[in-house]
Structure formats: C-alpha cells, structure tokens
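Just below is one structure, and these are the notes that go with it.
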Amino acid sequence: MSTKNRSDKSSSSSITKDKYTIILPTYKERENLPIIIWLISTELEKCFIDYEVVIVEDNSPDGTLEVAQQLQKIYGEEKIKILSRPGKMGLGSAYMDGIKKSTGNWVILMDADLSHHPKFIPQFIEKQKKLNCEIVTGTRYQSGGGVFGWNLYRKLTSRVANYIASVLLTPGVSDLTGSFRLYRKDVLEKLITQNKSKGYVFQVEMMVRANQLGYQVGEVPITFVDRIFGVSNLDSGEIVGFLKSVLNLFMNIE
C-alpha cells in the first residue's frame, strides 16, 4: 500500500462520527422503491446508524419520481434526497451526481430492486471498522453467500464470468460484478474518475483500480435475490459483451 493511502487511512480513523449516504440509482422502480426505503430505514435505525438516501432518478416512465417524492414527505428531506435527471446517463455518472448531493463521509452503493437486502449494511460497517479498510464489498461467492431466484444457466454464466475476470485481472476479491458496496467517499470519487468502463464491467474496474491503488477491501457474504418486481436486464448478449469488455480492460488497463 502506498504511503499516501496509509496516511489517508489514518486520517479516516480519526473521524468519531460517521454518516452513511446510500445512493440508489432508479429507473422504473415504482413498486420496489417504497419497500427498499422502508427496509433501509428499519435496518439502520435499529442499529442507530446515521444515514441518508440519495435517489438518483433517470426519468422513469412509470412514475418512480412521484413515488420518491411521496417517500420524501414521509421520511423527511434530511433522510431522503432526490436528484431527477433527464434520462439514463450511465451508472458512473449516477454515482457521481449522487455523491454531489451527499453529506456522508461514507457511501453505500446498492440496487433499488430488492436484490440487495439492507440487513447486510451493519455488517459492512462492522467489517470496515474491524479492518479499518477503505472499501467493503458484498460477495455471493464466499461461505454464507449465495444467489436466489436464478436458474442454473444464469448461476453458471455468472460464476464463469467472474472466474474469467478474476484470472485475467487478479483484483483480490471473490465477487467482481457485485454492486453492493461501501466506500469511503473520497476513495469512491477517485475510483469513479479513473473508471473508463460501462455496464457490468464498471463494477469490475472499480475493484481492479482499488487493488492497483493499494486500497484495502473487506468482503461480507451476502445473499443476492433476483428482482421481485420488474424485468431483469441480463441476457446472453450482455454476457458476451461483458466478456469482451473484460478482455478489453485486461488489454488496456494501466
């Protein structure tokens, strides 16, 4: 680990009161949003965790923005912040825009479709404090983790894709494509700025860059549940595209 990153780590440990910003990019999540917000509120408040949720809404045609506004009235503007964008502008830009509205010193990235249960967030925080690390990522591929709602084909393709990416890129984590993660805010900003990938490979490059820069990453086993409402966007074409993008990342990453 570089001297700079070691000094960064020691300065972060001096913070006595942490606040966690949860960034939720949304597109057509009308049914899921009220449930995930309720779960976040329930799980974090019972652990006395200081938090806020930033909903980054990409002009959903199903009324997701209106639902978000109703939730803001229920939970309050201090807990629920809304950023309305003109359309789908990419995951990286959604995270960066969410960071700009955040007031926390730590940022949690997760999906709004109920694939990621907020009950794991306290475990992420506990792991971070135990290791004093800059990043914690959820993993489906360690003991205690798993996937529910996927057929055998999808499980196998996910495993194979992760294995190929791990062999080529040696990122030091067991679940490269997961998007349920805790970052120190300044670290997240730096990684996103350097990230050149799109789609599912965006998450892969985040871990590869983190490893290159000497950041420590903790892992917490999670159970991933396929979305209840709405349609999953993953298909065989995207899997092929993912593998091509991983190869491109391997050839070009500096």
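Even glycines carry a Cβ here, placed using N, Cα and C.
Quantities reported herein were computed from a predicted structural model and do not represent experimental measurements.
What Swiss-Prot records for PRO25, TYR27, GLU29, VAL56, ASP58, ASP111, ALA112, ASP113, ARG140, ARG227 is GDP-alpha-D-mannose binding site. Annotation source Swiss-Prot lists Mn(2+) binding site at ASP113, citing similarity to another entry. The annotation Mg(2+) binding site is assigned in Swiss-Prot to ASP113 on the grounds of similarity to another entry.
For the binding-site residues listed here (GLU29, ASP58, ASP113), the lowest count of other CB atoms within 10 A around the CB belongs to ASP58. Under the three-state DSSP scheme, ALA112 (GDP-alpha-D-mannose binding site) falls in the coil class. A separation of roughly 7 Å, to the nearest angstrom, links the Cα atoms of ASP113 (Mn(2+) binding site) and GLU29 (GDP-alpha-D-mannose binding site).
Under the DSSP three-state reduction, PRO25 (GDP-alpha-D-mannose binding site) is assigned to strand.
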